[in-house]
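Accompanying notes for the structure given below.
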Amino acid sequence: RGGAGEMLAAAALVLLLAAAPGRAGAGQARGDALREELLLSPLPTGDLAATFQFRTRWDADLQQRGAVSHYRLFPKALGRLVAALGVRELHLALTQGFWRTRAWGQPPLQAPAGAELWVWFQPTVTDVDKAWKELSNILSGIFCASLNFIDSTNTVTPTASFKPLGLANGTDHHLLRYAVLPREVVCTENLTPWKKLLPCGSKAGLAVLLKAERLFYSSYHSQAVHIRPICRDASCLAVSWELRQTLTVVFDTFSSGQGKKDWSLFKMFSRTLTDACPLASESKVYVDISPKNKEKELLEVTPPPPSVHEAIVQGDKRTYAVYDLLNPSLFNTSRSLNVQLKWKRPQDSSELLTPVLHAHRYVSGYGLQTGEISTLIYNTHPYRAFPVILLETVPWYLRLYVHTLTIITKGKENKPSYIHYQPAQDRQRPHLLEMLIQLPANSITKITIQFERALLKWTEYPPDPNHGFYVGSSVLSALVPSVMAMKDVDVEQSPLFTSLFPSSDGSSYFVRMYTEPLLVNLPTPDFSMPYNVICLTCTVVAVCYGSFYNLLTRTFHVEEPSRGGLAKRLANIIRKFRGVPPL
Amino acid sequence: ITDVLTAVALYLAIQDFNKVVFKKQKLLIELDKYAPDVAELIRTPMEMHYIPLKVALFYLLNPYTVMSCVAKSTCAINNTVIAFFILATIKGSAFLSAVFLALATYQSLYPLTLFAPALLYLLQRQFIPVKLKSKSFWLYTMQYAALYLCSLVVIICLSFFLLSSWDFIPSVYGFILSVPDLTPNIGLFWYFFAEMFEHFSLFFVCVFQINVFFYTIPLAIKLKEHPVFFMFVQIAIISIFKSYPTVGDIALYMAFLPVWSHLYRFLRNIFILSCVLIVCSLLFPVLWHLWIYAGSANSNFYYAITLTFNIGQILLISDYFYAFLRREYYLTHGLHLTRQDGTEAMLVLK
C-alpha cells in the first residue's frame, strides 16, 4: 500500500515535470532536462566498473548577461561561473587510482591521477591568464579541492591535443588552458560538494548509491564535471548548455566479495535503488552482458531485464540489459531494485582481450642527477596504422634535454609529423612537448627523453621531500579505427555513454588515454641547517675580509721589545730553572 | 685551442712584464731606494728566464685546466679573453685592452673590476703619477674609460640587433646577479641560497655581490705601485666569490703563481694550504658521488668540502699578499733588521 502511494506520487511528479516545460515555455524556451544513467560493466579481470552519468541540459544562453536569473536544475554556482568568467568549455576531473588499460580495456572516459582541469575560454575574454587564475580559485572553493595550487608553473597551453568537445566557432589555442595536479587526493570532502550539484542531491534516483564509505573502498575512483555548449536542435541555430557529471568507480570484487566474482548492487554500494529522481526525464541502469566468447549463457542477471539494448561502443558490438527506473512495472515485485549478476561458469582468464591502443610510461636512471623518461605506446591492431598525439607536461625542475629525444618503432627511427616544444622557464612555466606520431600496425613505439634534476630552495620542497615529486600523466589522443562501422549517434536518443565524444565518421572512434604519473626524487638539502649554513658561509667570507683588512690597513713595524706580560715572566722563571735562555 | 691561445698570451705577457720589472728595479737601484743589504732579494735575469715558460706550463698542465677542457666548458673562452686583455695591457695598448676588457665584461659581469689595475698599469707605463689633482691623470682615465664604455656599448648593441629585443640583459646579467639556479658547484653560494629564509634572500644576494666588487678600491690604494700583482689578486677574488665559480677560473690565477715564486721564502703556510687544496680537490668528486649516486652522504658533506676549499684559496691569496708586502718592506728597509739594542728584530703588522 505504501508502495502504491509512492508510485502515485512519483507518477504525479513525472506528469508535473512533463507539464512544467510547457508552462515555462510561454516566454523564453527555458527547458531544462535531467537524464541519469548508471552503466555496470564487468571487466575482463573480474572487477566491476560502475559509471554514473548525470546530464543536465539547459536551453538557455548563459553567456548573455542578465538573461538568466532563475536556476532550476542547472546548479547556480556553475552557471554563474560560466557567465562571469567567459568560459566556453570546462572539464574538471578528480581521480584516485589508475585505470589499467591493458587489463581492463578502454574506459568510457578516462582521467589522470590527481586533479585535471582544462578550460576553453570565449574569444571575448581579454586576459585569459587572469580568468584562469580566478577560475581555479573559485573551483577550488566549490569542490573543496586544492585547485588553488594551479598557477603558471603547472599550466600549459596545448596546441593540438585538446580540441573543444562542444560547439566551437574557431579554435585559437591561446584560449585553452590545461593543468594537472598529480599530487591531489580525492576523498569524501570532494564527493559531498559534487553530489550537492546534482538536482536531486543524494536523496533520490541513482545518486542514493553514492555513499562515500563504499565508493572509496575501490581500485579506481574518478569524479568529473563537464560543461559544454551544444546545438539546441538539428538546425543548430541556438545554443544550449550541457552539464555532465560523471563518476567512475572500479570495485575489486575478488577482495570485497570473498573470492567470488558475483556481485550485486547491495554488495557494492550497500544500498539498492528505490526510485528514480523525480526531476529526471530519464533514469536507466545498463548492465553490460556482452558475451565474451560467443557463448550466451555465461552469466545471469537478476532480476531479468525488461529490455535489451545493442550498441556499437568503441568499435565493439555490445549488448546491454536495460532497467528503466521510470517504468512503474520495475518496482512491482519488490520495492527496491537490486541488480545481481552471477557467473555460471568461471571465466577463462586466458582470453583477455588487449585494447587496440594502450601505453606505459616509466622513469629510469640511477642517482639523483640525471634520468630518462620512457613512454611505450602499443598498437595492437593487426593491419591498421593510425596517428596519435602525445602531450607531455614536465615540471621545470626536471630539465629536459630535447636533443636526446628519440622515437623508435620496430627498431627504426620514427620521425613525428608535428612537434611543438615549449621549454621551461625556472619557476615560471613547465616543459610542454606535443608530438603527432604515426603508429604502424602491430607495433610498439618507444619514446625516450633524458632530463637532469635541479636543486630547489628549501622552502620549495613539499612536506615530505623524500617521497619525491610527481610528474603528471601524459595524454594520448587518437582516432582509433574500429572493427565495425559505427552509426552517428543522436545525443538525445542514445545512452549517455555513447555520446561523450563527438564522432566524426563511422570508421573510427575518439579515445583519450592517460599514462601513469611518475614519481621522481630530487636531491634535497639538509632542512635542519639554515642557521648553521648562514653562520658558516658568513664565517668564510669574514675570514677573507679579515685577512685582507689586516693586510690593507696595517703596515709592517719592527717589533718593540716589551717587558712581557705575566705569562712571559713566569715562563722566563721556569726557563731560568731549566737552564734554557729566556724568551 | 682556446687553452693554447691562453697559454701563449700569458707567456708573451709575462715576458713583457719581466722586462718591465727589470727596468723598474734598475731604476730604483740607481735611485738608491733600496737598502744596502738586500742583494739576495734582487731578482736576476738568470732566475727569471724560465718564468714565462713556467707560467704557460702551469696553465696548460694544471689538472683544473684539463678538467674544464674535457667538460667543454665556456670558461676556457673566458680565460682566453682575460689573458688577451692582460697581454694588451702589459704591452701598453690602451685600445686593445679596453676592447678585450669589454668582451670579458660582456661575458660575465665580474671582470669590470679589472678596469682599475689595467688603468693603474697604463698610467705607470705613460709615467703619469697617480695624484687626484693631476690633470693628466684624469685625462688619461677619461680616455681609457671612454674607450672601454664605448666598446661595451657596441658589443651590447650588436647583441640587441642580433636578438631584436632587450630580453638578453635580464637573462644574462640578471641571472649572474640574482643567482636563481642552485645547482651545486664549488662555490659558497649555492647552499647558502638553498637554505636562505625568503625574507632575507634579496639582502644577502646584494651583500654577496657587493663583496666581489668592494675589494677593488682598497687594493687599488694599497697596490698602486704594483698593478700586476693587484690584477692577480683581483682575478683570484673574482674566481672565489663569483656567483657560479668553476675550476677553470682557479686555473687562470694559479697560472700566475710562478711569477711570484721569489716570494717563496716569505710564505707562511704554503705547505698546509697546498695540502688542503689538493685534498679538497680529490674529495669533491668522492663526496658528490656519495651524495647523489650512493645516497649514503648528505648535501652537508659536499658543502663542507666547498667551505674548506674556499678557505684554502682565500688563505693562499692572503698569504701571497702578505709575502709580497713583506718583501717590499725588506727591500726598502734592509733584510737584516735590528732593533735599537742590536738584536735581531721581528716584523709584525700593526
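The backbone N, Cα and C atoms fix where each Cβ goes, glycine too.
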Transmembrane segment per TrEMBL: which of the ranges B:6-22, B:108-124, B:227-243 is that?
B:108-124
Tell me if the transmembrane segment (B:82-102) touches the transmembrane segment (B:300-322). I count contact as 3 or more CB pairs below 8 A, with pairs 6 or more residues apart.
no
Distant-in-sequence neighbours of the transmembrane segment (B:108-124), which means Cβ under 8 A and at least six residues beyond its ends
78, 82, 85, 89-90, 92, 94, 97, 101, 130, 137, 140-141, 144-145, 148, 173, 176-177, 212-213, 215-217, 219-220, 224-225, 227-228, 230-231, 234-235, 237-238, 242
Surrounding residues of the transmembrane segment (B:172-193) on its own chain - C-beta under 8 Å, 6+ positions past either end
108-109, 201, 204-205, 208-209, 240-247, 284, 288, 299, 302-303, 306-307, 309-310
Counting only residues at least 6 beyond its ends, the same-chain positions whose CB falls under 8 A of a CB in the transmembrane segment (B:266-288) are 63-64, 184, 186, 247, 297, 301-302, 305, 308-309, 311-313, 315-316, 319-320, 322-323, 326-327
